[in-house]
Amino acid sequence: MTTAIAHCSFCRKPSTEVRKLVAGPGVFICDGCVTLAAEVVTGDPGPDSPVLPWDLDLPLDAVLANLTTVAAAGAQAERNLRLWVGKARALGGTWTQIGEALGMTRQSAWERFSGED
Ligand SMILES: [Zn+2]
């Protein structure tokens, strides 16, 4: 059995259950979601002003289910960020450089990512 390396940030399917998983900056999208997104993009243009997902008229159970999905996608993005910071450190990047890249101080970068107290 293969271990999932990541989950689609849109549908949460693991890499082991999709044909392809495309990586973005801290996010992933599977072939099924790409197909669905392409249909949305090429389909009916929809309303003039886009409706934000949290402004949709959804029942509580759908909103609660979405909380789980958003939190899982956020946690995956955080793990991905930590891997990139680790890679920067392995390549000799300083906490000052990492902090600058993340728009935070050297101290904040160290506190968040070093794993030291
Ligand atoms: Zn997907």
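Just so it is clear, glycine is given a Cβ too, placed from its N, Cα and C backbone atoms.
Caution: TrEMBL annotation is automatic and unverified by curators.
These features come from TrEMBL:
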type    : residues                  : note
BINDING : Cys8, Cys11, Cys30, Cys33 : Zn(2+) binding site
DOMAIN  : 1-49                      : domain 'ClpX-type ZB'
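Averaged across the domain 'ClpX-type ZB' (1-49), pLDDT for the predicted model comes to 89. Taken residue by residue with DSSP, Cys30 (Zn(2+) binding site) is part of a strand.
Broken down with DSSP, the domain 'ClpX-type ZB' (1-49) shows 15 helix, 8 strand, 26 coil. Just so you know, of the binding-site residues Cys11, Cys33, the Cβ with the fewest other Cβ atoms around it within 10 Å is the one at Cys11. Other residues of the chain with a Cβ within 8 Å of the Cβ centroid of Cys8, Cys11, Cys30, Cys33, the Zn(2+) site, are Ser9, Phe10, Arg12, Lys13, Val18, Leu21, Phe28, Ile29, Asp31, Gly32, Val34.
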